[in-house]
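What follows is a single structure, written as structure tokens, with notes after it.
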Ligand SMILES: NC(=O)CC[C@H](N)C(=O)O
């Protein structure tokens, strides 16, 4: 193992964790699926993938992972959530199913399935100053929107009508869209820089 191969996890209870594992491995990380508390304890950063947040919530509680995940987030571990993963990181969920909980950490209110049926899925290019040129091609799939950004969180990207679709707060990152399926690795590189900066 090279010194570059920092161990990072992808929450692998549900959703498109394999795509994230492949991107992280392609960037030289030691990328591991995380299904147990003991596996979480071995990694220095975590990605929470897209999928279905209400199912991920139920499984994380059923597997005894919700509390260790909250502890990891509070301890300052870098965590990047895409789509359902962003919902898991939001302090407040709008339009959740009854009883749906999040792990929290990001001072935002996120509305699930916010783009309505006609825009169930769509693609657009986003200017993201933190990531530089060119604009990022972004794929949205039954995507959430960041409806309120609290004072502790910073918006990184907005769609054309001004609604927020990417946020950052300290070691936490969240995007409504799925960079793991477009071949643009800049968000994963940004996440890995946060992980390596803590080493
Ligand atoms: N692509 C996705 O992750 C969709 C998120 C899903 N609509 C949810 O509420 O969790």
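Positions of Cβ are set from backbone N, Cα and C atoms, glycine also.
Record check, TrEMBL: L-glutamine site residues include 51, 52, 53, 141, 142, and the candidate from 32, 74, 112, 163 also listed there is 112. Sorting the binding-site residues 112, 142 by the number of other Cβ atoms within 10 Å puts 112 first. For residue 53 (L-glutamine binding site) paired with residue 83 (active site, nucleophile), the C-alpha to C-alpha distance reads 8 Å. Comparing CA positions across the recorded positions 112, 178, 180, the one lying closest to residue 83 (active site, nucleophile) turns out to be 178. Distance noted between the C-alpha atoms of residue 178 (active site, charge relay system) and residue 51 (L-glutamine binding site) is 10 Å. Of all residue pairs in 51, 52, 53, 112, 141, 142, the annotated binders of L-glutamine, the farthest apart have Cα atoms separated by 13 Å. Sequence-distant neighbours of residue 51 (L-glutamine binding site) (same chain, 6+ apart, CB under 8 A from its CB) are 14, 15, 16, 83, 84, 85.
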